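Novice: In case it's useful when we look at the structure, here is the feature table from TrEMBL:
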DOMAIN    3-143  domain 'Aspartate/ornithine carbamoyltransferase carbamoyl-P binding'
BINDING   Ser52, Thr53, Arg54, Thr55, Gln79, Arg103, His130, Pro131, Cys132, Gln133, Cys264, Leu265, Arg292  carbamoyl phosphate binding site
DOMAIN    150-302  domain 'Aspartate/ornithine carbamoyltransferase Asp/Orn-binding'
BINDING   Asn160, Asp224, Ser228, Met229  L-ornithine binding site
Amino acid sequence: MKKDFLTLRDWSADDLKQMIETAIRLKAENKNNVRHHHLEGKKLAMIFEKPSTRTRVSFEVGMYELGGYPLNLSGNDIQLGRGETVKDTARTLSRYVDGIMIRTKGHEIIEELAKYATVPVINGLTDDFHPCQVMADVMTIFEYKKTYKVKVAFIGDGNNMAQSWMYGAAKFGMDISVASPEGYECKQRVYDEARKTAETTGAKIEMVRDPYEAVQNADIIYTDVWASMGQEAEKEARKAIFKDYQVNAKLMAATGKDTLFMHCLPAYMGLEVTEDVFESKNSIVWDEAENRLHVQKAIMLAVMGNK
Ligand code: CP
Ligand code: NVA
């Protein structure tokens, strides 16, 4: 049975923790010039229907470092962009490659792709979820805090990042408080599912309106863009809607702790975060970005490696 990596909900907490351990080991080995060829001869098709810097480069470099071959396919260059169905794209690619990573729009697109592909499918971001990013985030938190027992405050849009974080926090037993403006909350279904998982791991999951309430006692303050890819037309309107959800020095100081700042990137200074916070010693965004590489190698090994 092939195993896809579409959301963190689909994987057990033990499996996810194992991936973090593998990623930490691979990172240390990488720094000591220990090279692996665990994916030698394997091919990964990478489909991008939205722009990317980190996901594109980290998957490509990760595949190279594991001895495999990455194929970068822009959605516009392949027939998918001209109307060939997702179903037929899945069945075609499965005859050539050993895995497919896709960044796309609606989450139902990746579900359709995974249904018809006979090789594992990895989510490189959909409108609803970005699980690889949260794995890198969790790895980074574990490196800094040496525990999963932390509180994360997510400030802003209840988007793909916030929703993936709800599943991630639930699985890893972390507490999370998501503060979003009215009408921009995480979906109720995601919240309910995360809370159900949290019953088994002891995580506390909450959605609030007030960012100052969310950051109480937070070890980490996390934010993301106010207008995600595909929402460019809403950019100006969102500036007004999210203006009270900026992560600035005052909000960082309101935790009552020495709190770390995280952002999946790309970031927009003066909007969701101020430059002084982004450039402060408490900002760990570059470690977070680097860890995309290491954790995705662990994810690829889990779904494409020889068991
Ligand atoms: N965080 C993230 O996924 O970045 P990219 O859009 O650059 O891939
Ligand atoms: N919410 C952002 C995340 C970018 C990594 C977006 O979807 O554009």
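The first residue you see is number 1, and the count goes up from there.
Quick reminder: no glycine exception, Cβ is built from N, Cα and C everywhere.
Automated prediction, rather than curation, is the source of TrEMBL annotations.
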Novice: Measure from each Cβ of the binding-site residues Ser52, Asn160, Asp224, Cys264, Arg292 to the atoms of ligand 1 and list the residues where some distance is under 6 Å.
Specialist: Ser52, Cys264
Novice: Please compute the mean pLDDT of the model over the domain 'Aspartate/ornithine carbamoyltransferase Asp/Orn-binding' (150-302).
Specialist: 98
Novice: As a check: which entries in Arg54, Gln79, Cys132, Arg292, the binding-site residues, place their Cβ less than 6 Å from an atom of ligand 2?
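Specialist: Passing the 6 Å Cβ check against ligand 2: none.
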Novice: Nearest of the binding-site residues to Ser228 (L-ornithine binding site) by CA-CA distance, picking from Ser52, Arg54, Arg292?
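Specialist: That would be Ser52, the closest of Ser52, Arg54, Arg292 to Ser228 (L-ornithine binding site).
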Novice: State the three-class DSSP label for Asp224 (L-ornithine binding site), counting H, G and I as helix, E and B as strand, and everything else as coil.
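Specialist: It is coil.
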Novice: Three states by DSSP: which one describes Ser52 (carbamoyl phosphate binding site)?
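Specialist: The residue in question, Ser52 (carbamoyl phosphate binding site), is coil (DSSP, three-state).
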Novice: Using DSSP, how many residues in the domain 'Aspartate/ornithine carbamoyltransferase carbamoyl-P binding' (3-143) fall into helix, strand and coil?
Specialist: 69 helix, 21 strand, 51 coil
Novice: May I ask which residues of the same chain, at least 6 positions away in sequence, place their Cβ under 8 angstroms from the Cβ of Ser52 (carbamoyl phosphate binding site)?
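Specialist: Looking at Cβ-Cβ distances below 8 Å from Ser52 (carbamoyl phosphate binding site), excluding near sequence neighbours, one finds Arg103, Gly124, Leu125.
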Novice: May I ask which residues of the same chain, at least 6 positions away in sequence, place their Cβ under 8 angstroms from the Cβ of Arg54 (carbamoyl phosphate binding site)?
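Specialist: Looking at Cβ-Cβ distances below 8 Å from Arg54 (carbamoyl phosphate binding site), excluding near sequence neighbours, one finds Leu265, Ala289, Arg292.
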Novice: So what sits near Asp224 (L-ornithine binding site) in its own chain, CB-to-CB under 8 Å and at least six residues off in sequence?
Specialist: Gly156, Asp157, Asn159, Met161, Ala162, His263, Cys264, Glu272
Novice: Using DSSP and three states only, what is Met229 (L-ornithine binding site)?
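Specialist: For Met229 (L-ornithine binding site) - judged by DSSP and reduced to three states - the answer is coil.
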Novice: Can you name the residues of this chain that are 6 or more positions from Gln79 (carbamoyl phosphate binding site) yet have a C-beta less than 8 Å from its C-beta?
Specialist: Thr89
Novice: Counting other CB atoms within 10 A of each CB, which of the binding-site residues Cys132, Met229, Cys264 comes out lowest?
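Specialist: Looking at the binding-site residues Cys132, Met229, Cys264, the Cβ with the fewest others within 10 Å is that of Met229.
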